[in-house]
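According to TrEMBL, the protein has these features:
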REGION    54-98  region 'Disordered'
COMPBIAS  79-88  compositional bias 'Polar residues'
COMPBIAS  89-98  compositional bias 'Basic and acidic residues'
REPEAT    209-251  repeat 'WD'
REGION    291-323  region 'Disordered'
COMPBIAS  300-318  compositional bias 'Acidic residues'
REPEAT    332-373  repeat 'WD'
REPEAT    374-415  repeat 'WD'
REPEAT    418-458  repeat 'WD'
Amino acid sequence: MSDILKSCQYVPKLITMPWFPWELFRCEGECEQYCLSACCGICAPEHQPPPNMGSGVAIPERRSSASSRQAKQKRKSHSLSIRRTNSTEQERTGLQREMLEGQDSKLPLSLRSNLLDLFGQIEREFENLYIENIELRREIETLNDRLTAEGQTIDGGDLTKGALKAKASHSTSQLSQKLKTTYKASTSKIVSSFKATTSRAVCQLVKEYVGHRDGIWDLSVTRTQPVVLGTASADHSAMLWSIETGKCLLKYLGHAGSGVFEASLSALSTASGDQTAHIWRYTVQLPTPQPVADISQTPCDDDIDFSDKDEADGDGDGPNECPSIRVSSTTLRSHQGVVIAADWLVGGKQVVTASWDRAANLYDVETSELVHSLTGHDQELTHCCTHPTQRLVVTSSRDTTFRLWDFRDPSIHSVNVFQGHTDTVTSAVFTVGDNVVSGSDDRTVKVWDLKNMRSPIATIRTDSAVNRISVSVNQRIIALPHDNRQVRLFDMSGVRLARLPRSNRQGHRRMVCCSAWCEDNSSCNLFSCGFDRQAIGWNINIPALLQEK
């Protein structure tokens, strides 16, 4: 075979077909026919194949891997040339039939005929592509002539398809960059103006309460005099703070669990990972208020992270010097899991707790007895809240629902199930009216009417999971603490009012866990806490906020 290939003046071309199992050759002679051997003998009769190869259709013998690779490399160096002949399709088909009849092959005649038909279709496709390619080149030359006449030709005067593409891409990039710059400039002005009015004039950071050694899960403000701020932390402690001075007044160390999760301050009740809730009494003396410094103007290093501060880094009159309590007056036991929340029922004689054992318990504080066990949730509870004026309790759960429990009639304890979230309901709280506001890990907050629980009357969609929310009593403004370190304010209809300022110099640096309103305080009327180990007191100019709305 190698001798025939070297001496034949008509060089055979190897055609590779992925769906064809043998090597296929095409003679470069006048017939341009396809053969299974390197030389069919039609174009060069003096070079007939040896008898052991048959009549030009025998399958070539297998070569060694090295020689096979070399032969393939030589054949790939030749480009596949497609020549158009003047013969009609009928003449070509007739010639192919004559070739089939004169060749000896083990393939059935019908299969060989089908193969030839397929090869003919492939050749026609290539011819069509070749014609289209010629037409495209002519169009390119025409465009080049136009650009040359306009003085916009590319260097060298030869505008190829790649050059056209590059020029178009460059023009598109310039236009895109111009649009981006214009859009960014316009939106930056809007955002800057929004931040200037909201962050500085309406929402101001007033005080930071630093002293816990771990993340702060919850905080609330006492409903009786003296009004103090209470925080509950994962460092197994709860602290009482002076709102005006930021000084720690009292520390409770009675829990032995994995962390204190709730401090509902009417008397004082704390819930913990040790599966108990504690009631403890306190007496504090408020210090003399000092002039409030503007923390937002205090220079500090951008890299400071208050979450890394230890208790020893605090002020000299910080938590190290405040008195502590280690024994509770009442311990409530009956849960079989972590007690995640606690709240006082109206009247101050009963307290309700929520636990990871999927139940909420109602206790009598004086006797420590379990009055009711509220069961029905399919997964762990995340929060519980009581109505400020009625004997109503709402419990939220990881089963994407929250339930309303009615204790107004001592003989009937009804329950209503609210469904509407697609992920864990992190909290559900009452408003002064007949509404419940629920927040969820599905990044939504929904406002519900207690008289119609089929669907929410308003839905707030955010970009981050929502934690324990709070609603102001007088103006009914919802404060949303987020996983993304933001705190946003909305009204009951779902209109966004403001976002509390946050930067390297002020605001939370980790997830914000809880918010609490105290509208009666003149200096700080909103509080927030988070995993950065600090609680923050904010001054929200509510009239100005509502006026901007």
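Just so it is clear, glycine is given a Cβ too, placed from its N, Cα and C backbone atoms.
Heads up, TrEMBL stuff is auto-annotated, nobody curated it.
These figures come from a predicted structure and were not determined experimentally.
Residues of the same chain lying 6 or more positions beyond the ends of the repeat 'WD' (418-458) and with a Cβ under 8 Å from any Cβ of it are 382-383, 385-389, 392, 394-398, 400-404, 464-471, 473, 476, 478, 480, 490, 492-494. For the repeat 'WD' (332-373), the predicted model reports an average pLDDT of 93.
Helix, strand and coil content of the repeat 'WD' (332-373), in residues and according to DSSP, is 0 helix, 24 strand, 18 coil.
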